[in-house]
Amino acid sequence: MERRADAATGKRPIRSFVRREGRLTAGQQRALELLWPAFGLERPPAGQPLDLDRAFGRRAPRILEIGFGNGESLAEQAATHPERDYLGIEVHRPGVGHLLMEVEKRHLGNVRVMMADAAEVLAHHIPDGSLHGVQLFFPDPWPKKRHHKRRLVQPQWVRAVAAKLAPGGFLHLATDWADYAEHMLDVLEAEPDLENTCGPRQFSPRGERPETKFERRGLRKGHQVFDLYYRKREHPG
């Protein structure tokens, strides 16, 4: 995966992630080799949109999940909602391999996967108004103050998400870092095209988001999980 410079400034964008490759299991390696051609999507050339109708072979409500980890949550949702299409973006190959294994095991035809910088894909390759929902669950909190600029949830990113959502489309975030949760609220409440479904500055119930092993482990340690659920206004300003 290449790192493309910003067309206007020529500068490399600030990354919200670090590629911690980790070791691939034999099953993950096999899945990447055999299943990627069917379920993996390459990033299009600069300025060209993803043709998701062609990629999925149909037109259906589309959910984008950014940073899906090992894909446990995404696979569960795709199995529960076969009427929806799920595009997952993740930079870590072991997680992509694990999701592809789940896709095969569960016979999920409504999942496609990309290994790319999700912020760049969102900005340059997703048509405006084309998404039914965007999900970001447990992103890197970058807890040190000097690293806060690396947090994915920033005003520019939220503005881009709002543009890609269809009217009535949702943005669902979750984190177990209280400081990041408050930061998310600050940024989201300032976006005029999004409305908090639970009221101003309110956190949301977990709703349809599956509880993952990672989350259950944190809850046993006493971590609190914060969900935020917003919808794009039907008549955005």
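All residue numbers here begin at 1 and follow the chain in the order shown.
Each Cβ is built from the backbone N, Cα and C atoms, and glycine gets one as well.
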**OP:** Kindly point out which candidate in ASP117, ASP176, ASP186, ASP193 is recorded by Swiss-Prot as part of the substrate site with LYS144, THR212, LYS213, PHE214, GLU215.
**Re:** ASP176
Subject >> Whole-number Å value for how far ASP117 (S-adenosyl-L-methionine binding site) lies from LYS144 (substrate binding site) (Cα to Cα) >> reply: 22
Original post:
Ranked by the number of other Cβ atoms within 10 Å of their own Cβ, which of the binding-site residues GLU90, ASP117, ASP140, ASP176, GLU215 ranks first?
Top reply: GLU90
**OP:** Report, in whole Å, the straight Cα-to-Cα distance of THR212 (substrate binding site) from ASP140 (S-adenosyl-L-methionine binding site).
**Re:** 16
